[in-house]
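According to TrEMBL, the protein has these features:
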SIGNAL    1-18  signal peptide
DOMAIN    31-339  domain 'Peptidase A1'
ACT_SITE  Asp49  active site
ACT_SITE  Asp233  active site
DISULFID  Cys265-Cys303  disulfide bond
Amino acid sequence: MLSPSFLAFGLLVGHITAATTKYSVSLDDTWHVPVLLGKPPQSLSMIFDTGAGSLAAHSALLPANESSGGPAYDPAKSSTATLIEGDTYTNSYASGHTGSGVVYNDTVSVGNLKLRMAFEVATSNNGVNNDASGPSGGDFGMSFAAAGMSDDYHVPTFLQAVQSKLDNFIFTVDYDKASSQGNVDFGYIDQTRYTGKIGYLPINANYFWGVNFTGYAVGNGALHARPWTSVVDTGTSTTHVPPDVVKAYCSQVSGGTYDTGSLTCQYPCGGPLPDFVIGVGSHRAVITEEYLKSSSGSSSGNCVSKLQGKEGNSVVFGQSFIQAQFMVFDHANARVGFANKDGA
């Protein structure tokens with residue numbers, strides 16, 4: 001297996017900050033980070049995805065019926081692009097879609113860092129992030145390790161590629177729902193972005209940011225010991241919790257009704273919702289009302305809370321609740337941190 005290769009330009013940077021922007025697509029919101037590929041630089045807005053292993057760019061090599069119609073990377077227009085001969089990849093996503101293609105080595109610029117690294121260039125997408133209502137530049141994969149594997153070449157995540165350039169092997173996510181703007185910081189923790197302390201959980205999986213939550217509370221109530229496993233995934237819009245947790249929460253919502261079919265809590269539109277609190281050890285990660293309310297309704301005319309139940313082990317802590325927290329992805333110590341923000 002070849003080692004990840006890259007050539008960085010400039011001196012050690014220590015800290016990298018990249019702006020993020022929220023786009024409304026189909027039923028929910030997705031967050032994207034601006035990325036420049038090649039020379040001259042081609043600008044793509046890519047989904048910042050802790051549930052995917054590699055940087056996978058939508059490209060001009062895609063068939064027309066599999067392209068979003070938006071900006072796409074064209075290696076033929078980059079003077080620094082080098083095809084890694086004979087190497088291909090296939091990625092499978094939780095949505096059931098697959099993406100495949102070839103591997104190129106080219107320059108990648110994010111925030112204030114420019115480097116040369118290998119990344120995946122899509123030749124077939126089969127529905128991966130090709131919603132025409134969004135920018136759909138591809139996936140900026142940031143899973144704990146590079147889960148995307150090609151024939152014989154280990155494609156690194158961006159974080160792995162820049163590890164030697166950072167003060168700390170870490171990145172943080174801070175999304176602001178109100179402004180639809182946010183930041184991803186690499187190599188450091190900006191203490192002005194959160195309040196109180198950071199609660200940490202060790203990861204429980206080899207390739208993903210999987211954690212074991214320790215319990216839940218409603219409003220200011222005491223934490224109930226109720227462990228469940230979840231993958232922290234910035235590339236998924238929804239958040240799931242065990243159905244019994246939704247039912248317990250809904251029992252404390254004024255006018256709330258737990259729907260056994262959809263595993264959701266339905267409540268009178270315009271009515272108040274109590275905070276939902278997730279146990280991160282002894283730390284209380286607070287999801288306030290604004291992140292729980294939804295504009296979607298049910299057949300009964302009620303609104304449906306964003307607290308969604310799901311059976312089984314594939315439970316996801318997604319963008320809808322990640323927006324409510326300051327998130328720390330600590331690669332060096334194999335852990336995920338949760339901190340409350342102003343208003344929680």
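Every residue, even glycine, has its Cβ placed from backbone N, Cα and C.
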Packing count at Cys303 (disulfide bond) (other Cβ atoms within 10 Å of its Cβ): 21
Integer average pLDDT (0 to 100) for the domain 'Peptidase A1' (31-339): 88
Close in space, distant in sequence - Cys265 (disulfide bond), Cβ under 8 Å, 6 or more apart: Val246, Lys247, Tyr249, Cys250, Val253, Gly256, Thr257, Tyr258, Asp259, Val304, Ser305, Leu307
Between Cys303 (disulfide bond) and Asp233 (active site): CA-CA distance (Å): 25
Winner by Cβ contact number (other Cβ atoms within 10 Å) across the active-site residues Asp49, Asp233: Asp49
DSSP three-state assignment for Asp233 (active site): coil
Integer Cα-Cα distance in angstrom, Asp49 (active site) to Cys303 (disulfide bond): 29
